[in-house]
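So TrEMBL lists these for the protein:
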SITE      A:H31  site 'Important for tRNA non-discrimination'
SITE      A:G83  site 'Important for tRNA non-discrimination'
DOMAIN    A:144-556  domain 'Aminoacyl-transfer RNA synthetases class-II family profile'
BINDING   A:E175, A:R221, A:H449, A:R490  L-aspartate binding site
REGION    A:199-202  region 'Aspartate'
BINDING   A:R221, A:D222, A:E223, A:Q230, A:E483, A:G535, A:L536, A:D537, A:R538  ATP binding site
Amino acid sequence: MYRTKTCGELRIEHVGQVATLCGWVDSYRDHKGVVFIDLRDRYGITQVVFQADTPTDMQTIARGLRSEDVIQVTGEVLARGAGLENPKLVTGQIEVRGRELTLLNKSKTPPFEPRTQDLPNEELRMQYRYLDLRRPVVQQAIILRHKLAKATRDYFDRHSFLEIETPILGRSTPEGARDYLVPSRVHEGSFYALPQSPQLYKQILMVAGYDRYFQIARCFRDEDLRADRQPEFTQIDVEMAFVKQDDILSTIDGLMAHLLKELRGEELPLPLPRLTHREVMEKYGSDKPDLRFGMELICLMEIAENCGFTVFKNTIANGNRVRGIVAPGAAEKYSRKQIDELTEFVKQYGAQGLAFFRVKEEGLDSPIAKFFSAEDQQKLIAKLGARAGDLIFCVADTAKVSSAALGALRNRLAKELALYDPKEMKIAWVVDFPMFQWDEDEQRWVAEHHPFCQPHEEDIDILETDPGKVRAQSYDLVCNGYEAASGSVRIHDPAVQQRIFSMMGIQPEEAELRFGFLLEALRYGAPPHAGVALGLDRWSMMFSGTDNIRDVIAFPKNQKASDLLTGAPAPVDAKQLRDLRIKVDVPVK
RNA sequence: GGGGCCGUAGCUCAAUUGGUUAGAGCACCGGACUGUCGAUCCGGAGGUUACGGGUUCGAGCCCCGCCGGCCUCGCCA
């Protein structure tokens, strides 16, 4: 062993002992006669001191130490004198008086130091990710992620779940995200697909009798990245047999309570709230609402349809929506210029414009206030529950666009106005998602969740006649505006499965060709089953209080899906391509 | 594929809005200093203003292109 103690554990009670520490030089202070080294490892920082009576050769080494050099130090643990303690360090009551010093490895001058307060840009952090990972806040996030995974395994183990691994090299199936493909050398011209999720395998495990399965599974989706999306990510994947929707929900309720308890020491009241998809779309304009604050969307149809403002009136006449939100106390906080920025913001979501009203004691102040009678203005204020000093925003558009625009505006305003405690976690279920969504481009119905999802029993009759109204037995767990888990009751009746495929324009022959192995499995005594998958990365984000998924992944990809540390992806040797019978045909720009 | 923001010393930023020789803090190098803890003090070195064009008497600043980074719409069952 190179060390007897870590840099985070020495305390006043260790005074008098001799300890050997190893770590990185976090900072050095050379006072000629006395040299201080702040030594860092992942457990903390301990001050090492070399005094005037230190042998000369060791003083020379100590003086030459620079940031991120790796050293081993042996010395006596001393209490720091009165007034010399450092309250910023948990080890600040003591220091180690260096008696032996070994430079284990010299560091190049780092492009940035782990202790820096001014974070360099992400490009540099990712390129030197090993230096970035030395930063205590990053280490805390990585440690928290470990604890999250550990607590998850403990919980499922305690409830008789089996952790079962499923293949990474699988088969490409239609629907869903773009696959990452892996060419087969043995089968020329054929490809494996990396799993978008272990969906099919876990259903087959249910058929196979492993009635409580979970896995912390890596998933891959070749789609564009976001602050909360990586092309490879980790799911806490769960499936249970002989259960209904409620059983899954209460199982995950229990998991969440366990995690809150283990990771934050908080009690989570159960059951978690269950909101319908219809309800959250109406109130929050989003299927993953941030429930830490109110600011609900209010329907203004009654006022809009008879008001003097043609834009509102026509929107209602065309069967569309006029809805508004109230930003409390924001009337004087947003200048005209800032409101123009908000208008640009909602245009991203397809809105044509953004109506706004400053609420005054005497009525509404707005460029369009003149189109509203005094009576209509009072009705508007009353309907929205607005008060003097508030700022009202309205969007008149289709249900879809007004939801998207106002839902996004609601989140932005709440953040800017600090309407919630960023540390709080507000968790709820959203249930009864629509079974299908009409795809304009493909001119067909596509599954909102996935094609193996069981419709509500009472909606099965209208499957073919009114598919847009069919509700699925599917559910998402939402937290602070993120989709943090998603699942459904699965179809175990091959006849119902066939009808769903046919609704989506997938012919029986094609279904057999693509999903035949699953359909066949379902014919051999498939138990009723249901499942869910939680986003481990996103939960790690929320527990760490960050809004960037890269903060909780040791080696993340950048926005263009590259790994700036290793340079992946990269071209390969011609020989590798020949072995795989692959010809690359990249158009010249 | 579209929209937005950004790119100046190793790093974080500034440069009186188009005007002389592009500055500061940290880091680095040299020196001073026996109790610091963002050590301090003195000195030094360090720049193709991402890159390529253009406008102009004059461009870090304006215009076009391009590369890179981030955010976002589409996309993500």
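Backbone N, Cα and C atoms are what each Cβ position is placed from, and that goes for glycine too.
Just so you know, TrEMBL annotations are computer predictions that nobody has curated.
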Of the recorded positions A:H31, A:G83, A:E483, A:L536, A:R538, which one sits closest to A:E175 (L-aspartate binding site) when you measure Cα to Cα?
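For A:E175 (L-aspartate binding site), the closest Cα among A:H31, A:G83, A:E483, A:L536, A:R538 is found at A:E483.
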When you look at A:E175, A:R221, A:H449, A:R490, which the record names as binding L-aspartate, what is the longest CA to CA distance in angstrom?
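Roughly 22 Å, rounded to the nearest whole number.
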Can you tell which of the recorded positions A:H31, A:G83, A:E483, A:L536, A:R538 lies nearest to A:R490 (L-aspartate binding site) in space, using Cα positions?
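Out of the listed candidates, the nearest Cα belongs to A:E483.
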What is the separation, in Å, between the Cα atoms of A:E483 (ATP binding site) and A:H449 (L-aspartate binding site)?
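Distance (Cα to Cα, whole Å): 13 Å.
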Around A:L536 (ATP binding site), which residues of its chain at least 6 apart sit with Cβ under 8 Å of its Cβ?
A:R145, A:L148, A:A149, A:T152, A:I216, A:F233, A:T234, A:Q235, A:I236
For A:H31 (site 'Important for tRNA non-discrimination'), which of the binding-site residues A:R221, A:E223, A:H449, A:R538 has the nearest Cα in space?
A:R538
So if I draw a 10 Å sphere around the Cβ of A:E483 (ATP binding site), how many other Cβ atoms end up inside it?
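The Cβ of A:E483 (ATP binding site) has 16 Cβ neighbours within 10 Å.
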Any idea what the Cα distance is from A:G83 (site 'Important for tRNA non-discrimination') over to A:R538 (ATP binding site), rounded to a whole Å?
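Rounded to the nearest whole number, the Cα-Cα distance is 44 Å.
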For the region 'Aspartate' (A:199-202), what are the DSSP-based totals of helix, strand and coil residues?
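Helix/strand/coil tally for the region 'Aspartate' (A:199-202): 4 helix, 0 strand, 0 coil.
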C-alpha of A:R538 (ATP binding site) to C-alpha of A:R221 (L-aspartate binding site): distance in Å?
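Computed Cα spacing between A:R538 (ATP binding site) and A:R221 (L-aspartate binding site) is 16 Å.
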For A:E175 (L-aspartate binding site), name the DSSP secondary structure in the helix/strand/coil scheme.
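Going by the DSSP assignment, A:E175 (L-aspartate binding site) belongs to neither helix nor strand, so it counts as coil.
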